Every structure is written in C-alpha cells, then in structure tokens.
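Trainee: According to Swiss-Prot, the protein has these features:
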REGION    1-22  region 'Disordered'
COMPBIAS  1-10  compositional bias 'Basic and acidic residues'
BINDING   C66, C67, C131, C161  [4Fe-4S] cluster binding site
Amino acid sequence: MTADHNRALHDAPTARGGEVRQPDGDYFNALQTEVNDKGFLVTSTEDLFQWARTGSLWWMTFGLACCAVEMIHVNMPRYDMERFGAAPRASPRQSDVMIVAGTLCNKMAPALRKVYDQMSDPKYVISMGSCANGGGYYHYSYSVVRGCDRIVPVDIYVPGCPPTAEALLYGVMQLQRKIRRSGTIER
C-alpha cells in the first residue's frame, strides 16, 4: 500500500470514550450555532452550490473486474448509497463522479479517457481497488496500466482487493467532504 492508502485508512472516524468522532462535526456545529443565534443562515451562492453538490453526486460505474461486484453491493438495501446523496447513472453526460473499479488494460485506457472527457464539469474520479490504484496483482503484466491515475486525475483512492462496500461508501463520503471544503465552483 502507498502513503495515500495509509492516509485514507487512518483518516477514518474512530471511537474515543464510547463516542464516534464525526468527520465534519465542526462544520455542522458552526451552522447549528448560527441558526440558533439568528434563526436563519447567511451564505454565498458559491457555498450553496457546494452544499448542493455534496448531496447530489451522480456516479457512473466503470466496472472492469471483480471490484464491480462490490459496487453492486453498495446499491443494495443493506448499504443503499442513495441515502447519502449518490445515485447511479448510465450516461457519462449525466454523471459527475466516475468510479473506476478493476484492472485497467492498455486497450481499455483510451475508452476510459473518452468517457471521462464526456462527463460535464466539475467531474470527480474514485479509484476503487488495488488494480485500479496501482495495477494490483497484475502490476507487472505487459498489458496493464499501473494505476488509472496515469490516464485520468483521481480524487479518492479506495484500497483493498476487493474493497468492501463499506470502504467504497466511506470513499464517497470522503469525496463529499473534499467537495465541501474545496471552496470554488470549478475544480
């Protein structure tokens, strides 16, 4: 695992004293304080767009191998990713998040780039699994791209072989945090 993967694993919320640490607790506490003081919120249009964007991620699957099965699990009733504001779409023109899951071969790399270019701005990429992150088990094969970040810019790396549905869900929540704190409409 690389340093990015270790960082992703250690940024997870942990239990301290029987209480689960909320990753965005300070953000929501500040909003609650402002609403309690004034009874309303004053914000900029840009902040409103950022807030709306975090709750309406439309993602498309680019399932290339066995990690795609875990993407299916995340949409089933047990996890139901739509509760977190992420809904699947079939067309790249309708989606703003691409989840690349599985081994990316040299022949498939131009197709991945073409689909990425068809997405509307702002667009985000989640790299799911060891094969998409760095080639994985097939790293030394002549036909494997050693990480989809060589073809498209990646925002979130989800480690594992295959990563669990919980790990992908955590990656989506990390992407929502990243969008919320980016501070600009354009990426």
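Note that Cβ sites are derived from N, Cα and C of the backbone, with glycine treated the same way.
Here the structure is a predicted model, which means the values were calculated and not measured.
Relative to the rest of the structure, where do these features sit?
Mentor: The Cβ of C161 ([4Fe-4S] cluster binding site) lies under 8 Å from the Cβ of G129, S130, C131, G136, Y137, each of which sits 6+ residues away along the same chain.
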Trainee: Excluding C66, C67, C131, C161 themselves, which residues in that chain have a Cβ inside 8 Å of the centre of the Cβ atoms defining the [4Fe-4S] cluster site?
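Mentor: Near the [4Fe-4S] cluster site, the remaining chain residues are A65, A101, G102, T103, M128, G129, S130, A132, G136, G160, P162, P163.
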Trainee: Going by DSSP, is C131 ([4Fe-4S] cluster binding site) sitting in a helix, a strand, or coil?
Mentor: helix
Trainee: I'd like the number of other C-beta atoms within 10 A of the C-beta of C66 ([4Fe-4S] cluster binding site), please.
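Mentor: There are 14 of them.
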Trainee: How many other Cβ atoms are found within 10 Å of the Cβ atom of C67 ([4Fe-4S] cluster binding site), counting all protein chains shown?
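Mentor: For C67 ([4Fe-4S] cluster binding site), the count of other Cβ atoms within 10 Å is 27.
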